[in-house]
Amino acid sequence: MKLYPLFADLSRRAVLVVGGGAVAERKVAALLAAKAQVTVGAPLLTPQLESLVRKGRIAHRAGVFEASWIDHAWLVVAATSDQALNAQVAELATLQRIFVNVVDDAQLSSFHVPAVIDRSPVIVAISSSGEAPMLGRLLRERLETLLDHSIGPLAALAARLRKRIRRRYPDLALRRRFYQKLLTGPVAELLRRNQPEAAAAAAEQALAAPRPDAVGSVVLVGAGPGDPGLLTLRALRALNEADVILHDRLVSLDILELARRDADRIEVGKQAGNHHATQDQIHALMLEHARAGKRVVRLKGGDPFVFGRGGEELEFLHEHGIAFEVVPGITAALACAAYAGVPLTHRDHAQSVRLVTAHCRSSMDTLDWAALAQERQTLAVYMGVAGLETVQAQLLAHGRAAETPFALVENGSRAEQRVVTGTLADLSELARRHDVRSPALLILGEVASLSRRLAWFGAEPLGAPVASEPAAPPRVVPRIPRRAAVETLRAIHRA
Ligand code: SAH
């Protein structure tokens, strides 16, 4: 972080604005809104500024800038059109250790003025550290539409009740839950509909309602395959409400970033071959934190019920009388298929899909290979990469054609995604050649041949051409890097 964000209380504090033009006028208006004591220093003022002087709202130092103007100011704004003068003001202010903003000159400024969304008492300020002010403004426009105008009254209501809420809910976890309901439930809705009295009454009612027990709960949440955009809204909400997050190793950092800042994050990653020991520990951790009254999020890669042992975890919670909820996630098979351009079913190629796990020898021994080797079905195999040879050998031995296409998706949906395509005959050889690593998912079946035409995300698929693939029509739109694409879109937009 290049800049330290700061909200300054300027009420009745002296601020000097150097310059008397339109830019100065805007700066003065914002400073007056914050109740600063503004002095404008300039030989000439705009009519608007002059009128403020006449009304006694601001003071005027007429004439050419002098160093002594800066004395006693808490902040200085240099808003003249004379760059050399602005630089001089900045230098003199800096010498006196007074923060100075030079309009449109991030380098000379020791403080920046952010783009602001005002929902007083809530203020959202956006900075691009002076690097991309236009982006800051764009973000502000988006947030303006996102943060409706009831946020201000909602914050004011919460502030009014704050002491009483604290008295009623001295326990932090319970208090947080009460706030969560207050700020997202019916009270907020009434304010959105512009019914402040009804909202206040509903808040009083909520405060008078019996206190819930301090028993925690567990939400089993599917985090999807890695791309945070594939989280569900419910998953996001659970992450925002969590006191403790027990997450798998596979859950990406980008997703953990979205969770409540002060939630405890505990990685409970399971290493291959060490499943049982850690599974018991996971159970014990869930129980310990839920019994302590915490809202526990058990965060799993993909979907919690697809090869995630979510079922076992719920059985355990059920046995111990802990309340739970489940938030489904996008499982690796669906994500990898989508991001590799492989429709899992297709009228011409496959009428069924099987999700199969081949993580260890014992799971592979129990698989019905004859059934898995049938044609016109798609296999989505969740696996450690070491298992590929067995998968290949068993499918071939049970009659799946050697030319059956596959797409092997490594790090599906993530920026570093790679897709290797080929035919069953070369499966393990190609995986070795391209050094495919975990996490990777194998999609095998007639549909996999479509990947070479329909892939749209990340790098082009690797691997030898697929024998059974129909000749691909030439791509009409050449694949261009994302950044170039964005530039092109912008140019079109501007035109
Ligand atoms: N519950 C998870 C699966 C857990 S098993 C889900 O629904 O997706 C772990 C296996 O999932 C990995 O060995 C790999 O085969 C697959 N997997 C998970 N995330 C993946 C990703 N981003 N790309 C490719 N495969 C992935």
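Here the Cβ of each residue, glycine as well, is placed from N, Cα and C on the backbone.
Copied over from TrEMBL:
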ACT_SITE  Asp248  active site, proton acceptor
ACT_SITE  Lys270  active site, proton donor
BINDING   Ala22, Val23, Pro43, Leu44  NAD(+) binding site
BINDING   Pro225, Gly301, Gly302, Asp303, Val306, Thr331, Ala332, Met383, Gly412  S-adenosyl-L-methionine binding site
DOMAIN    150-207  domain 'Sirohaem synthase dimerisation'
DOMAIN    218-427  domain 'Tetrapyrrole methylase'
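Distribution of TrEMBL features across the structure.
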residue	record	contacts (Cβ under 8 Å, 6+ apart)
Ala22	NAD(+) binding site	Thr46
Val23	NAD(+) binding site	Ala79, Ser81, Val103
Pro43	NAD(+) binding site	Gly20, Ala62, Gly63, Val64
Leu44	NAD(+) binding site	Gly20
Pro225	S-adenosyl-L-methionine binding site	Gly301, Gly302, Ile330, Thr331, Ala332, Ala335, Cys336, Gly412, Ser413, Arg414
Val306	S-adenosyl-L-methionine binding site	Thr331, Ala332, Ala333, Leu355, Tyr382
Where the C-beta lies under 6 angstroms from ligand 1, the matching binding-site residues among Ala22, Val23, Pro43, Leu44, Gly412: Gly412
Three-state secondary structure, Gly302 (S-adenosyl-L-methionine binding site) (per DSSP): strand
In three-state DSSP terms, the structure that Leu44 (NAD(+) binding site) belongs to: coil
Residue distribution over DSSP helix, strand and coil in the domain 'Sirohaem synthase dimerisation' (150-207): 50 helix, 0 strand, 8 coil
Packing count at Asp248 (active site, proton acceptor) (other Cβ atoms within 10 Å of its Cβ): 18
For the domain 'Sirohaem synthase dimerisation' (150-207), mean pLDDT (0 to 100): 91
DSSP three-state assignment (helix, strand or coil) for Val23 (NAD(+) binding site): helix
For Gly302 (S-adenosyl-L-methionine binding site), the number of other Cβ atoms found within 10 Å of its own Cβ: 30
Binding residues Ala22, Val23, Pro43, Leu44 (NAD(+)) - maximum C-alpha distance in whole Å: 15
Sorted by sequence, non-Ala22, Val23, Pro43, Leu44 residues with Cβ within 8 Å of centre, NAD(+): Gly19, Gly20, Gly21, Ala24, Glu25, Ala42, Leu45, Thr46, Leu49, Thr80, Ser81
Secondary structure at Ala332 (S-adenosyl-L-methionine binding site), reduced by DSSP to three states: helix
